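The next block holds one structure in the form of structure tokens; read it before the comments.
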Amino acid sequence: MLLAWVQAFLVSNMLLAEAYGSGGCFWDNGHLYREDQTSPAPGLRCLNWLDAQSGLASAPVSGAGNHSYCRNPDEDPRGPWCYVSGEAGVPEKRPCEDLRCPETTSQALPAFTTEIQEASEGPGADEVQVFAPANALPARSEAAAVQPVIGISQRVRMNSKEKKDLGTLGYVLGITMMVIIIAIGAGIILGYSYKRGKDLKEQHDQKVCEREMQRITLPLSAFTNPTCEIVDEKTVVVHTSQTPVDPQEGTTPLMGQAGTPGA
């Protein structure tokens, strides 16, 4: 029973570790997406969220942070997206393709390390020319000067929560595993207790039955003992018979039958 508990505990820890270990991915609408995707499609590159939103009036209120990765701040049902440079140089929304997180995140992370390094080096000269100049939009430039200061703290907090939060599905799976483990342990304990009690009861009943049988068979043993068998007595009658004796001389009577002497 202890071995079963240890195995169940190790399995639950492995599942939880696998869920926590998906640091290179994030949850969105029940799906797991790569966290370091910087290209929505081949040949395109995502723009920095703060720089792109500063030049758009219809940008989502809750930004995705100070980075150039695919995110879904407005909860688009199509999935994560990012801003790319349009034909007129104005940032436009573009859904990200091939963003599903693989089964093993440890194998997928090395493939994108080069892209992360390129994005961390800073925007090149071509990317700087894509954004609209500040003097072209005087009314928006003032808002752009104030909005990043307020939005950075909020977006950094959201980004930190994305890395630590497992999502609703992760919590549901964890709670379900704990409930299953507890139910299995309780079932093992109840089954063992029931079987042990049943065995003890059978042993007690068997002893009681043996005692009753001894009480019943003890008086009969005296009658079945061969030393105590009753033997029928036979009466032997002895008859005494008188044998005839021959008369000897000197024994004849002097008187005859008639009673006369000398006759």
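Backbone N, Cα and C define each Cβ position, glycine as well.
Among the features that Swiss-Prot reports, signal peptide is placed at 1-21.
For 24-101, the entry in Swiss-Prot reads domain 'Kringle'.
Taken residue by residue with DSSP, Cys25 (disulfide bond) is part of a strand. Positions annotated as disulfide bond by Swiss-Prot: Cys25-Cys101 (among others).
For Ser39, the entry in Swiss-Prot reads O-linked glycosylation site.
The disulfide bond annotation in Swiss-Prot covers Cys46-Cys82 (among others) and is backed by sequence analysis. Residue environment of Cys46 (disulfide bond) contains 25 other Cβ atoms, counted within 10 Å of its Cβ in all protein chains. Cys46 (disulfide bond) falls within neither a helix nor a strand when secondary structure is assigned with DSSP, and so counts as coil.
Here the Cβ of Asn66 (N-linked glycosylation site) has 15 other Cβ atoms within 10 Å, regardless of which shown protein chain they belong to. Per Swiss-Prot, N-linked glycosylation site is recorded for Asn66, and the stated evidence type is experimental evidence.
In the three-state DSSP assignment, the secondary structure recorded for Cys96 (disulfide bond) is coil. Other Cβ atoms within 10 Å of the Cβ of Cys96 (disulfide bond) number 23 in total over all chains. Residues or ranges marked as disulfide bond in Swiss-Prot (evidence: sequence analysis): Cys70-Cys96 (among others).
Annotated compositional bias 'Polar residues' per Swiss-Prot: 242-251, in sequence order.
On the backbone, the CA of Ser39 (O-linked glycosylation site) and the CA of Cys46 (disulfide bond) stand 6 Å apart. Between Cys82 (disulfide bond) and Cys101 (disulfide bond), the C-alpha separation comes to 17 Å.
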